[in-house]
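Taken verbatim from Swiss-Prot:
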- 17, 18, 19, 29, 74, 103: GTP binding site (BINDING)
- 103: Mg(2+) binding site (BINDING)
């Protein structure tokens, strides 16, 4: 595990983007339950092993009233994932903030620690880094990634110009990319980037969960 650079709180905050239209799934994915516990809370608990601050970005905070984690909502409404990242960065305390979506059930802590090391190495080398992103071929993986808190202004300007794509923003930034080859050393099947968009994908994940825990079940609220 990498150590923090002296005098700087580089890491410590993680944001989970919850909700969205979920048109292909047919319901709000932030309310999926696995083994009688919300998937988003399972994700938060896993991340809490290596982060001091967990922030859930949700458009329905009243549905998380019993949640032990910090809640926030989009400041700039209706802008998709980038609006959620913006809200999470505003609420976060650390300089670099880990971001993941609520429908990504496979949390790879070893890879997160590896990304921290990549960020630290870049800083120690004197590089100005705004984000640490994984590539799959020529495509980017915008989640399971780190973003710098100071990007808030850049994101606001990007959204104000009616641009919502994370990729178009990253092209303007000092982005450090991790290759697919390197990332697959930690997740050969790419499961750490798997997200559930359809009922079939939910059933597949349910089946895996039930195989791991015979009494496992998936519930949709």
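From the backbone N, Cα and C atoms, a Cβ is placed for every residue, glycine too.
Overlay of Swiss-Prot annotations on the structure.
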residue : record           : CB count, 10 Å
17      : GTP binding site : 28
18      : GTP binding site : 28
19      : GTP binding site : 22
29      : GTP binding site : 23
74      : GTP binding site : 20
103     : GTP binding site : 25
Where residue 17 (GTP binding site) sits in the secondary structure, as DSSP reduces it to three classes:
strand
Longest CA-CA distance among 17, 18, 19, 29, 74, 103, per record bound to GTP, angstrom:
18
Please state whether DSSP places residue 103 (GTP binding site) in a helix, a strand or coil.
coil
Where does residue 29 (GTP binding site) sit in DSSP terms: helix, strand, or coil?
helix
Hey, does DSSP put residue 74 (GTP binding site) in a helix, a strand, or just coil?
coil
